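Novice: Quick one: the structure is below, questions incoming.
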Amino acid sequence: MAYLLGKHLYNKCKGRKDSEKPSPSGTEGGPSLTTSPNLDGPNNVSPTGGPNGSGGSRAVLWFKVKLLIALAIPVFLETLDYTIVATAQPQIASVFNRLDLQSYIGTSYLLSSTVFLPFFASVADIFGRHTGIQISLFFFLIGSAVSAGAINMAMVLVGRGIAGIGAAGLLTIVRTILSDSSSLDDNNWQVSILFLLYAIGYAVGPLLGGLLVAVSFRWVFAINLPCALVSMVLCFFLLRGNVKVGQSAHRLPTLSVEKETVLQKILRIDWVGTLFFVGGGILILLALNWGSTNEWGSARVIVSWIIGGLLFVACILWEYILEHQMFSINPSSISVLRADPMLPLEIFRSYDVSTVEYGSFISGLVMLVMFYFVSIFMTIVTGLSPAKAGVQLVYFAPGMGGGTLISIFMIRHLRQPKYPIIFGSIVITVSLGLIQMAMNFNNQNQVNGFMVMSGVGVGLTAGSLAVHARFSQPTNRVAIVNALTLFFRSLGGTVGLAQCAAVMNAKVTRYLTAQIRSGTLSASDISALAAASANGGLDSLQSLGGLPTNVQNVVRDAFRNGVRWSFISLIPWCGLAVIFTLFLSNIRDRKGENKQAETGQAKEKVSHIDSGQNISNHEQVHGEEQVAPVTGS
């Protein structure tokens, strides 16, 4: 990042000097208003977000309505499925007497929905947006059917993994369809609607999950089946022909996408890169999950880190080979070398893209840590029941909503998404510092208030990062940039949980050890503490309630200190985000340019009219002065 920042600043200074020189045409330098050549391939979406030849605002509005209707159910499916199943995990595992595997019901879904994000970006670019979302819904449908009809825990986990693959496609392609518009206002509005749908899904999901699991755990998965079928039908009638079709092969631009066979399109998918990326991603994410439970030194964590890291290196090398051989391979070459790179490495040379991905990483990190570790603080330190602790977490949601509204307003009026990104990064960093201070004084009301503040910061950045990502690269890379933004957000959440768990456990252990050595605890207290730790740990109300009162107070203080330091450990990450976002480039706003051009033309026209009137008035007065002597003689 330091290298990219230095290069970015050098290019900006160089561009500023070049802009001061007169252009070859004799006009002053500055940003050119000529549009770049279309790199998208066939495209049925106009710059305003509506169909080409829409013939007015009414057609554009109708297109937006169709878009909202078609994409609402896929968004709800992905969001509701995650929240409903998270609520029902213990009951599902209990049916098969495998409570030891209950966490894997969510983990298998999250792993596949994360590592397949770039793959579906390629599918959307090669097969088109409509085909891509139909494939995603099909995977989601099959996965839900397998889990609903499961006869053992293994079938449930397999079904969750397949459904996660479909969810990866829904996440990527829905965001990509909304980002295909080249209008800043449309992107701003559409991202806002997307976040609103997610918010509703997260609010309704737990309640609906409780109602469904009361009937049967199978309904938790079966409810997805009719919803997915209805969504496939709606997408067929409302999206087909109205969203972007597949792009032509980069290495064979003369072969139009309409003339490509299905087999040729399948061979364009980077299967080798997908295998390396998916394998490496699963192992790294598993290592982070396993390591967060005090298993950093275990063999499975170490092996997962090593093999996962090697697979990621192999993925980068493979993408490098494909990228450098793209225009030198002839059609008769082996099929794997004719694939379109899944991860174009060139995009990571862009400072803006790298900063946006880092910002997404921070956004995911803060969101998940806030939900998990504030919950630990509320239950263990303050002694609230899990239900009441869950209510306290609601304070974060209104903050996110308020931050999203503020970001919409700022982008609409300032015409640049980087300003809410910078502002939000500062708010997040300050809020983390304030939250840890409130935890240090064990002030629950202050923690709630600063959670609202943190939510505002996340709301300011989350949507704005998506908008900035859309305009940071050419439009033929919209899908992969969106997929990477989602991937880094998920990765940030996983890294944040692993880091904070490691910090908290280390601080709790150190605090308790210091208390034992200082003689604060008696021999009987130490025995009770050791017994509670051996019988499932100290991070539950049940184990804590069985301890003597003085030992409970020591354990609560230990966790208060541990959770506090967990939040402190996030501040350097967020501080770097503030520094990096300060140097984001301005995006190109065609509407703003057009307004400036129209204003300039209007002023020029007015000045011409005024000068013409002045000339005519001068001539009229001058003529009267010449006529006056004649009439007076």
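The backbone N, Cα and C atoms fix where each Cβ goes, and this holds for glycine too.
No curator has checked TrEMBL annotations; they are predicted automatically.
Feature list, courtesy of TrEMBL:
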COMPBIAS  22-38  compositional bias 'Polar residues'
COMPBIAS  593-608  compositional bias 'Basic and acidic residues'
DOMAIN    67-589  domain 'Major facilitator superfamily (MFS) profile'
REGION    14-52  region 'Disordered'
REGION    593-633  region 'Disordered'
TRANSMEM  67-88  transmembrane segment
TRANSMEM  108-128  transmembrane segment
TRANSMEM  135-155  transmembrane segment
TRANSMEM  161-178  transmembrane segment
TRANSMEM  190-213  transmembrane segment
TRANSMEM  219-239  transmembrane segment
TRANSMEM  269-290  transmembrane segment
TRANSMEM  302-322  transmembrane segment
TRANSMEM  358-381  transmembrane segment
TRANSMEM  421-441  transmembrane segment
TRANSMEM  447-467  transmembrane segment
TRANSMEM  479-504  transmembrane segment
Novice: So, does the transmembrane segment (135-155) come close enough to the transmembrane segment (479-504) to give 3+ Cβ pairs below 8 Å, pairs being at least 6 apart in sequence?
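Specialist: Taking Cβ pairs at least 6 residues apart, the transmembrane segment (135-155) and the transmembrane segment (479-504) are not in contact, as fewer than 3 fall under 8 Å.
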Novice: At a C-beta cut-off of under 8 Å, are there same-chain residues at least 6 beyond the transmembrane segment (161-178) that contact it? List them, or none.
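Specialist: Residues 67, 71, 74-75, 77-78, 81-82, 108-117, 119-121, 123-124, 129, 132-133, 135-144, 146-147, 187, 190-191, 194, 221, 224, 239, 243-244, 466, 478-479, 482-483, 486.
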Novice: For the transmembrane segment (219-239), which partner among 67-88, 108-128, 302-322, 421-441, 447-467 gives the most CB pairs under 8 Å?
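Specialist: If we count Cβ pairs closer than 8 Å to the transmembrane segment (219-239), 67-88 scores highest.
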Novice: Going along the chain, which residues at least six beyond the ends of the transmembrane segment (108-128) come within the CB cut-off of under 8 Å?
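Specialist: Contacts of the transmembrane segment (108-128) (Cβ under 8 Å, skipping residues fewer than 6 from its ends): 78, 81-82, 85, 135-136, 157, 160-165, 167-169, 171-173, 176, 243-247, 257, 265, 268-270, 274, 277-278, 281-282, 285-286, 340, 342-343, 476, 479-480, 482-484, 486-487, 490-491.
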Novice: State the mean pLDDT for the domain 'Major facilitator superfamily (MFS) profile' (67-589).
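Specialist: Average per-residue pLDDT within the domain 'Major facilitator superfamily (MFS) profile' (67-589): 82.
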Novice: Please give the sequence-distant neighbours of the transmembrane segment (358-381): residues at least 6 beyond its ends with Cβ less than 8 Å from one of its Cβ atoms.
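Specialist: Sequence-remote neighbours of the transmembrane segment (358-381) are 1, 388-390, 392-393, 396, 421, 425, 428, 432, 435, 439, 442, 444, 447, 451, 454-455, 457-458, 461-462, 465, 485-486, 488-497, 500, 504, 538-539, 541, 544, 555-556, 559-560, 563, 566-567, 570, 573-574, 576-577, 580-581.
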Novice: Can you work out which residues elsewhere in the same chain, 6+ from the ends of the transmembrane segment (135-155), have a Cβ less than 8 Å from its Cβ atoms?
Specialist: 74, 77-78, 81, 93, 96, 98, 101, 120, 123, 127, 161-170, 173, 218-219, 221-222, 224-225, 228-229, 231-232, 235
